[in-house]
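First up is the structure itself, then whatever we jot down about it.
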Amino acid sequence: MSSFSEHIKNFSPSWFATVMGTGVFATSTYLLSFGNPIMLTLAHFITVLNFLMFFVILVPWTARWIFYPKNALADFLHPIRSNFYVTFGVGMLALSTNFFVVEKIPSVGLAFWIAGTIEVMINAFVYMFFVFLNRRIKLEDINPSMFIMTTGLFLIWGAGRAAIPYMRDIGLETLNITFDFTFGTAFFLYIGFQTIWLHRYILSEPLKSSQMPLFWINLGPIGAALSALLSPPVIVEFKYIALFFASLFWGYGIWWFILSVATTIYYAKRISMPYKTVWWAFTFPLGAYIIGTYYYAQQKNYTTLIYFDIAIYIMLFILWTITAALTLYHIIKGGIREKENLD
């Protein structure tokens with residue numbers, strides 16, 4: 001078997017996490033630029049890069065389903081790797097915010113938003129059906145990657161806030177029903193998953209060193225929920241209720257942020273933290289929380305939170321740069337076989 005065929009056969013379903021992480025990096029750079037031309041240029045550059053990355057990754061991802069369907073299906077039925085198939089849809093939702101917010105090209109943004117919404121919604125049903133019937137899942141298989149799906153469901157509304165003016169043809173009623181369905185599903189699944197994860201976190205062995213970056217995924221649904229709760233339809237009609245729940249999510253996010261930093265330092269110093277593609281888990285959740293904090297600070301009129309947001313944006317800038325550089329280095333050096341990183 002040729003090297004290229006081998007790469008396709010073992011192509012990891014987690015690669016769209018690079019699009020997710022790069023997408024929120026571009027959007028957060030734009031939001032926190034405050035008109036700075038250098039940051040605006042950087043945001044536009046990253047958006048173009050992310051657009052190209054999406055289609056580069058889409059080729060082997062699709063080819064794997066066509067030429068190696070058994071391998072692709074095996075990953076979808078795997079108790080851990082199955083969590084990452086939804087990154088395809090979430091990546092498109094992240095790209096939609098790039099074109100809505102950064103590039104101001106609503107037609108492209110809307111196309112990505114609709115496609116991402118459909119994929120995430122389908123995945124939510126198929127994934128949970130698999131979970132309910134799968135008896136291979138053990139307590140040690142539980143890790144924060146399960147939150148990627150709830151992040152996507154929250155993000156349908158969080159990213160869709162920019163799509164509202166362009167959805168008149170579909171009808172606001174249909175749009176609101178979609179928002180209600182996805183947010184309600186995400187909210188209760190998040191509570192359930194959070195309970196399961198904390199149970200595993202306290203009573204079972206710690207995450208493997210190769211899975212440690214997944215710890216940061218806890219911030220993903222929190223940031224996406226903030227963007228959804230503080231979107232115009234909700235904040236206008238249910239202002240005080242939305243702010244109340246946003247305060248709960250934001251405060252819980254601070255706790256997870258501090259715990260994630262402390263856990264990362266602990267692993268880096270006392271155990272090990274070798275580079276894997278799951279390092280992209282450092283980027284998207286943090287970026288989602290930065291964007292959520294930006295909207296939260298605007299609604300609460302808290303200047304201090306803007307400074308805090310800038311501080312953690314600097315952290316995101318560093319983490320994205322390091323992760324992107326290491327990813328490029330490993331692609332050049334050894335190809336893109338990373339499936340084993342998710343075990």
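Glycine is treated like the rest: Cβ placed from N, Cα and C.
As the structure is a computational prediction, the values presented were derived from the model and not from experiment.
As annotated by TrEMBL, transmembrane segment applies to 12-32, 38-63, 84-102, 108-133, 145-164, 184-203, 215-235, 241-266, 278-298, 310-332.
Counting same-chain residues at least six beyond the ends of the transmembrane segment (84-102), those with a Cβ under 8 angstroms from any Cβ of the stretch are 12-17, 19-20, 22-24, 26-27, 30-31, 43-44, 47, 50-51, 54, 61, 75-76, 108-110, 112-113, 115-120, 123-124, 127, 145, 148-149, 151-152, 155-156, 159, 162-163, 284, 342. Counting same-chain residues at least six beyond the ends of the transmembrane segment (184-203), those with a Cβ under 8 angstroms from any Cβ of the stretch are 124, 128, 139-140, 142-144, 146-147, 149-150, 153-154, 218, 221, 225.
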